[in-house]
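Below is one structure; the comments refer to it alone.
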Amino acid sequence: MSKYDSHLKCSFCGKSQEQVRKLIAGPGVYICDECVELCNEILDEELFDSNATGAQPPIPRPAPAPQKRGTGTKRLSISQIPKPREIKNYLDAHVIGQEEGKKVLSVAVYNHYKRLSFLEAKKSGKSSQDEVELQKSNILLIGPTGCGKTLLAQTLADLLDVPFAVADATTLTEAGYVGEDVENILLRLLQVADLEVDEAQRGIIYIDEIDKIARKSENPSITRDVSGEGVQQALLKMLEGTVANVPPQGGRKHPYQDCIQIDTSNILFICGGAFVGLEKIVDQRIGKKSMGFIHQSGDSYQVKEKKVVDLMKQMEPNDLVKFGLIPELIGRIPMVAVVEPLDEETLMAILTKPQNALVKQYQKLLRMDNVKLEFEEDAVRAIAKEAFRRKTGARALRGIVEELMLDVMYELPSRKDVSRCTITKEMVEKRSTAELLLHPSSLPKPESA
């Protein structure tokens with residue numbers, strides 16, 4: 001049997017792989033070495049002709065300045081690495097609440113920097129080869145939707161000077177099936193690092209929706225679970241540390257395709273997920289039903305909001321196994337942080353306090369139209385109350401404010417007589433019109449006697 005695939009042909013000359021020395025694969029096309037040489041000859045002839053006729057060569061464009069990531073902490077000494085308290089203070093300025101999650105991330109990122117500094121010192125001979133090896137500790141963030149898991153990761157990206165990429169686990173499938181290979185996660189990191197492999201190998205990857213790849217049942221199935229357990233198995237070596245082959249164009253790997261090799265040993269992985277139903281598994285294990293954690297009605301039962309966090313803090317690795325994660329994957333994510341659901345007070349703070357708070361964003365937008373926007377405290381509380389009722393966390397806030405501001409944002413740019421717009425509680429609850437204050441010059445003048 002021939003070692004070549006006779007069905008593969010050059011898209012330009014039509015020769016099969018057996019008839020040429022090299023067949024280069026691209027996204028849906030192939031080109032042989034003979035066609036590449038022909039292209040080079042054509043380009044050389046055109047260059048010779050242009051020089052012979054005295055044509056001016058094209059003016060070289062200056063190379064774009066490299067974009068700087070983070071705060072310039074790349075390859076710092078241990079004394080210059082941002083301390084966990086400094087990292088948390090930065091997170092506090094942009095994310096409200098979630099103290100435990102911030103502390104876990106701050107310590108993990110600080111240790112990641114120290115580990116990179118140690119490895120660089122060891123590589124340069126400044127550290128003893130007999131010293132203790134420092135291993136990375138990947139992180140798992142567990143919390144309901146809209147509580148700030150992804151925002152925490154994205155805020156870290158603004159602070160750090162290592163490449164940072166966010167990936168969605170729901171798009172991944174086992175190799176050989178329709179969907180994305182797990183290596184495409186590394187491709188995103190490589191693209192952020194401007195295709196510099198050394199930089200990418202120092203980066204951090206946040207894998208969102210990790211709970212969506214849980215296997216369908218606790219016991220292994222005889223059928224293929226290509227988007228669940230199969231993906232978990234494919235992630236094992238990547239999380240632990242391996243040399244992965246990444247296709248530079250993305251998509252599925254091809255046997256004749258040139259790939260970029262990336263060592264994942266020094267890449268920090270942060271995984272996040274809602275893990276809906278995990279609290280019920282924990283409750284069944286610790287036997288707290290008689291203490292009022294769960295209200296049971298027939299075959300279905302509902303966990304009280306204020307007790308969910310207490311249950312989740314008692315979670316053990318075996319609970320994650322029952323949820324659908326394989327033990328090998330859990331062992332490679334040793335650090336677990338529970339991100340709390342948001343209450344009304346926290347939602348109010350999210351609306352007004354962060355540097356990029358939603359209220360501040362709309363105030364900035366209307367200021368560009370020379371209008372001062374104000375939110376009454378009762379209006380902010382009413383918005384937070386409605387967002388809490390929708391049970392989608394902070395994501396509901398933007399939807400509610402967008403609904404409130406639609407008519408205002410539509411009318412005000414065309415009006416020059418308005419100086420101030422006030423959002424009231426009645427506007428939030430009854431969808432009434434906003435209170436507008438007109439410029440004194442636009443008010444009707446009193447009639448003279």
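A Cβ is built for glycine as well, from the same backbone N, Cα and C atoms used for every other residue.
Keep in mind it's a predicted model, so treat the numbers as computed, not measured.
Feature annotations, reproduced from Swiss-Prot:
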type	residues	note
DOMAIN	1-51	domain 'ClpX-type ZB'
BINDING	CYS10, CYS13, CYS32, CYS35	Zn(2+) binding site
REGION	51-76	region 'Disordered'
BINDING	PRO144, THR145, GLY146, CYS147, GLY148, LYS149, THR150, LEU151	ATP binding site
As a whole number of Å, the Cα atom of PRO144 (ATP binding site) is distant from the Cα atom of CYS10 (Zn(2+) binding site) by 51
CB contacts for THR150 (ATP binding site) [other CB atoms within 10 A, all chains]:
16
Counting only residues outside CYS10, CYS13, CYS32, CYS35 in the same chain, those with C-beta within 8 angstroms of the Zn(2+) site's C-beta centroid are SER11, PHE12, GLY14, LYS15, VAL20, LEU23, TYR30, ILE31, ASP33, GLU34, VAL36
So which of the binding-site residues is most packed in, judged by how many other Cβ atoms lie within 10 Å of its Cβ, out of CYS35, GLY148?
GLY148
If H, G and I count as helix, E and B as strand, and all else as coil, what does DSSP give for PRO144 (ATP binding site)?
coil
Relative to the mean position of the Cβ atoms of PRO144, THR145, GLY146, CYS147, GLY148, LYS149, THR150, LEU151, the recorded ATP site, which additional same-chain residues have Cβ within 8 Å?
GLY143, GLY272, VAL339, GLY393, ALA394, ARG395
Among CYS10, CYS13, CYS147, LEU151, which are binding-site residues, the residue with the most C-beta atoms within 10 angstroms of its C-beta
CYS147
Secondary structure at LYS149 (ATP binding site), reduced by DSSP to three states
helix
Sequence gap of 6 or more, Cβ distance under 8 Å: name the residues on the same chain that satisfy this around GLY146 (ATP binding site), in order along the sequence.
LEU342, THR392, GLY393, ALA394, ARG395, ALA396
In whole Å, how far does the CA atom of CYS13 (Zn(2+) binding site) lie from that of GLY148 (ATP binding site)?
54
Between the Cα atoms of GLY148 (ATP binding site) and CYS10 (Zn(2+) binding site), find the distance and write it as a whole number of Å.
50
Secondary structure tally of the domain 'ClpX-type ZB' (1-51) (DSSP, helix then strand then coil)
22 helix, 8 strand, 21 coil
